[in-house]
Protein chains: 2
Amino acid sequence: MEDCGDVGGEDGNARLLCRESVKALVDSVEAFLFDCDGVIWKGDKLIEGVAQTLEMLRSMGKKLVFVTNNATKSRKQFSNKFHSLGLAVSEDEIFSSSYAAAMFLKTNNFPREKKVYVIGEEGLLEELELAGFTPLGGPEDGNKRVELKSNSLFEHDKSVGAVVVGLDHYINYYKLQYGTLCIRENPGCLFIATNCDAVGHMTDLQEWPGAGCMVGAIRGSTEKEPVVVGKPSTFMMDFLLKKFQIHTSKMLMVGDRLDTDILFGQNAGCKTLLVLTGVTSLSVLKDPTNNIQPDYYTGKLSDFLELLGP
Amino acid sequence: MEDCGDVGGEDGNARLLCRESVKALVDSVEAFLFDCDGVIWKGDKLIEGVAQTLEMLRSMGKKLVFVTNNATKSRKQFSNKFHSLGLAVSEDEIFSSSYAAAMFLKTNNFPREKKVYVIGEEGLLEELELAGFTPLGGPEDGNKRVELKSNSLFEHDKSVGAVVVGLDHYINYYKLQYGTLCIRENPGCLFIATNCDAVGHMTDLQEWPGAGCMVGAIRGSTEKEPVVVGKPSTFMMDFLLKKFQIHTSKMLMVGDRLDTDILFGQNAGCKTLLVLTGVTSLSVLKDPTNNIQPDYYTGKLSDFLELLGP
C-alpha cells in the first residue's frame, strides 16, 4: 500500500494513500467524517484497527464525525452501539439519516399538528419524537395484515402530512398501502427518503436490501420522487457546518460507497477517501464505467496507523 | 355521450365515442381486447351492463380477448372469476401477465434445470408450473422472517436463473432479500416484471399498490431494470396474433389506463378506446401534460349498448 507510483491523481483518478501523501493530507484536515457500515464496522463486528486509528486521530486534535445513512437507529442508539464495540463516541458526534429526516421537517417548518407516517424502524420514530413531531406506523404496523374484501375500506389518517421512508426489515403490504394512500390522497403530503442505498451489510457475512428497496417500492406505487435527506444529499452538511465551524475544504469524508459517501463528500466540497472494507472493490473503483473518483483510496481505515507510524 | 362536436379527433386528441362513430368503429374491428380491472369489474364487482355488452358483441361475431396485467391469478383462476360473475369466458380467451411471464421464459429457451424465484402469488406459480418450470418462493415464503445475526448466512439457491416479480400482497423482507441475492449473485439471473402498474382496484372502494411497488423495491435493491412482459410491452401480442390470425389494425384495445392499456394498444398498432370506469378520469385524459391519447373514449363499456341501440 506504500507505492505512490502510477496510481492516478494527475488524471483525475483516485490516488492510493501512501507515506508520501498521508502526512500532508492529515495536516490539511481538521475534521474526519466517517461513514460507519463498511468503514468502522461490518454488521456487528468492529473492523480491525479502527479503535486505535480513531484514538490516534483524536490525540492529534482532529474532530471526528460519524455520518451514517442507516436510519434504523437514533443517534442515542448509535452511541450505544459504538460503546458496545469499545469506542467512545458521543451522540453529538453522530449524524444519522434518522436525525436528518427530523431536521428536514424542522427546518421546513412542518406543522406540529400534522402527523408523520413512518416506513422504518424504532430509531427513526425516536428522532422524530425528539424533534417534537408525531410519528405513526413503524414497528407497530409490522404485524398488520390487510383485508382485501368487497366493501371494506382501508382507512388512513388524513392529517398525515409527510411519509418518511427508510430501511424497514418488517416491510409489509399494510405499510406500503398506508404510505401510498397518504402520498397519493393527502394534499401536499411530503415523500421523504432517509437514503436510497441499494444494499448494506446488515450482517457481517453478506449484504441485504437497503432503504433504496423500500423507497423504490413507494416510488413505484406513487410515481413520485422523494426528497432524499441522507448521503449523497448534502442536507446534513448545513448542520455539520453550524456545529463545527470548519470549512468543508478542511474536512475529509471517509467512506466505502462511491455513490453515497464519496459523492456526498464531493458535493459538499470535502476531500474524499475510499476504503475497501465495504461495498466497493478495487475493480469497481478502477472500472472504466465508474465515474466517481475519490481523491484517495486505501485498503482499510487502519492504514493510517501504518502510514503515519515510525 | 352522444355529442360528437368539439371533442377532438382532428388534432390527435381522443374523440368521444358517439352514434356517428361507433358503427364504423365496430364494423372495422374483428377482435375486441379488454383489460379487466376497471373495464369489466372493480375488485369483485362486475361493472353495470358489461354482461349484456359482451353478449351483444359476441352475437355480432366479434372475437373477445381479455388481456390483464394482474398476475396473481392463472388463466384458469381468471376463467373461474369470470364465471362467478356470470360471464362465460374460457381460458383460451384470457391473456394474463402470469401467463406472459411463463411464455417469456419458454420463448427464450430458459433451461429446465434452472429454477425461478417468484415474488408473487399462486396464479403466477401455477402458470410457471404449467409451462414446465420449477418455481420457488411465492406464498410459501409469505410468513418467513429473516434473522439478522452475526455469523448467520441467508442461503439462496444458486440454480435460480430468473426472478419473476409481480403483485404480492404478502411481500416481506425475506422475499426481497431472496430475490435480490439471486439477481445480484447468480450469474446471468434474469429479472422479469409481470408489469409495473403503480396501483390497482384490489377492492371496489379504493386503489392499492400494484406490481410496480414490488418491482420498484427490487429495482431499488439491485439497481437493475427488469424485462416487463405485461402491458404496455407488446410481448403478449405475438401470442395473440398466432392464435387469432387477425391483423392488429382490426383489433380494438379497450382499457382504463393510459400508460398500460392504451399504450399497449398503440404500440401494437391496434385502435384504442379508453373507458372512464377505472383509474383514469376525464380530467386526467384532458390534462395538457397527458401525452397518451386513445383514438376514442367513453364513459363505460356498456355505452356500446346505447350507442348501437335503436
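Glycine too: its Cβ is placed from the backbone N, Cα and C atoms.
DSSP gives A:ASP35 (active site, nucleophile) a coil state; it is part of no helix or strand. What TrEMBL lists as active site, nucleophile is A:ASP35.
Contacts of A:ASP37 (active site, proton donor) defined by a Cβ separation under 8 A and a same-chain sequence distance of 6+ are given as A:GLY43, A:THR68, A:ASN70, A:GLY200, A:HIS201, A:ASP256, A:GLY278, in order along the sequence. The annotation active site, proton donor is assigned in TrEMBL to A:ASP37.
Annotation comment: TrEMBL describes A:ASP35, A:ASP37, A:ASP256 as Mg(2+) binding site.
According to its DSSP assignment, A:LYS231 (substrate binding site) is coil. Taking Cβ-Cβ distances under 8 Å and a sequence gap of 6 or more within the same chain, the neighbours of A:LYS231 (substrate binding site) are A:ASP35, A:VAL67, A:ASN69, A:SER97, A:ASN195, A:GLY255, A:ARG257, A:THR260, A:ASP261, A:LEU263, A:PHE264. The substrate binding site feature in TrEMBL is assigned to A:LYS231.
Within 10 Å of the C-beta of A:ASP256 (Mg(2+) binding site) we count 25 further C-beta atoms, all protein chains included.
When secondary structure is read from DSSP and collapsed to three states, A:ASP256 (Mg(2+) binding site) falls in the coil class. Note: the Mg(2+) site is recorded as A:ASP35, A:ASP37, A:ASP256; in the same chain, A:CYS36, A:GLY38, A:VAL39, A:ILE40, A:THR68, A:GLY255, A:ARG257, A:ASP261, A:GLY278, A:VAL279 also have Cβ atoms within 8 Å of that site's Cβ centroid. In the structure as shown, the Cβ atom of A:ASP35 (active site, nucleophile) sits within 10 Å of 25 other Cβ atoms.
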